[in-house]
């Protein structure tokens with residue numbers, strides 16, 4: 001029996017280690033997924049103005065900041081029972097949707113493709129695993145052309161976002177009450193132009209390249225299933241009065257049944273995480289204290305569970321729960337489902353941009369300007385200087401899956417004129433997917449998906465990379481502290497942060 005460690009796993013967001021045990025036949029019999037770094041964003045937010053959460057939480061991840069901003073805004077709006085206008089919802093959908101499609105293209109071409117297609121014989125592509133590459137050199141070169149083209153298409157998708165959000169990453173126009181940007185006819189026209197190029201790439205190059213990889217690596221439709229339980233919080237509202245009309249509906253697929261989601265049933269287990277105690281915490285629990293010396297712990301990621309059951313989040317969960325994809329749950333199914341979701345999303349963006357109202361670039365007079373803005377933004381909700389208290393939950397979907405923000409705020413006792421955050425909690429998609437074991441000893445979905453795969457070449461364990469990358473993990477949710485290495489029989493280390501402590 002031997003141990004293989006990938007530390008860090010490259011081509012993902014954040015710092016992650018995967019360690020597996022294999023038997024004498026090179027079959028994985030045990031697996032551990034480690035989020036190597038401590039986040040602490042919830043602690044940063046305590047005693048701050050609730051509005052700060054919209055901007056600070058976007059720094060959790062540079063790839064999907066819009067979804068964090070959306071969840072933070074929705075949590076504050078929920079605390080006030082506020083519903084944004086239809087035009088504001090359209091603007092938010094167009095902003096979040098642009099970020100989604102950029103991220104989907106990023107995942108396939110720039111984070112996963114090199115697991116299946118050999119890159120050029122020059123830096124930086126020479127150092128990757130070179131085993132089980134099934135495309136010819138000519139075929140690889142043709143697919144790799146789209147690797148380069150995808151960089152430009154991602155930029156255009158982000159230009160779509162920046163038109164209505166001010167910038168990307170870390171957007172500025174999404175605020176409690178609506179959106180602060182007033183779209184002009186020229187900006188809407190520019191958005192349509194960028195969207196046309198992005199849509200063409202997704203419907204042709206992206207679609208065809210995923211199908212090529214899927215046809216050559218058919219065996220990966222039978223590898224990396226995991227538990228087969230799925231969860232989605234829903235996203236992209238179409239009608240705020242009817243959640244069943246959301247582009248991606250809320251729901252869960254548990255033990256073969258399609259069911260609803262009750263947020264009170266979500267718990268975070270800390271038994272195998274580097275935090276004090278072994279409790280199962282509810283979404284509104286007070287913050288946990290780090291303990292790097294905790295026995296049996298091996299990750300900074302908490303184990304998120306629904307009724308004590310592991311669930312997988314992400315595009316395959318959304319598409320399955322929506323009834324758009326029911327082929328299977330595996331490495332290749334995740335890639336195909338994500339590509340089909342991108343096609344669905346750009347079609348929706350085409351409808352939403354045509355339904356968005358335009359406004360004069362320079363409205364005449366303050367009164368007229370105010371009239372235009374009221375269709376997009378209610379300034380009353382932004383004025384948090386009044387004395388108030390409340391709590392709320394905001395849910396949405398990030399590209400990688402179900403995302404939840406919880407906020408509780410109260411009157412600042414030192415000023416008595418302003419609200420401050422007393423408790424803030426974030427549950428990210430990777431807390432579902434790349435979690436460690438829970439209080440019952442159940443592995444996380446990614447860990448479970450690694451079991452049973454046979455490694456053909458232990459010196460080039462490409463099978464592990466393909467399974468891990470199919471989940472598109474984002475461990476930037478766990479930032480700042482790294483643990484020392486442990487001795488193993490096989491170790492594959494590309495680059496490692498300073499192992500002695502804080503980076």
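In case you wondered, yes, glycine gets a Cβ from its N, Cα and C as well.
If you look up TrEMBL, you'll see 42, 426, 480 marked as Mg(2+) binding site. Other Cβ atoms within 10 Å of the Cβ of residue 426 (Mg(2+) binding site), summed over all protein chains shown, number 23.
The feature Ni(2+) binding site is assigned by TrEMBL to 61, 64, 474.
Secondary structure from DSSP puts residue 64 (Ni(2+) binding site) in coil. Sequence annotations record features per position, and here TrEMBL assigns Fe cation binding site to 64, 477.
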Integer Cα-Cα distance in angstrom, residue 64 (Ni(2+) binding site) to residue 42 (Mg(2+) binding site): 18
Rounded inter-Cα distance in Å - residue 474 (Ni(2+) binding site), residue 42 (Mg(2+) binding site): 17
Euclidean distance between Cα atoms of residue 61 (Ni(2+) binding site) and residue 426 (Mg(2+) binding site), Å: 12
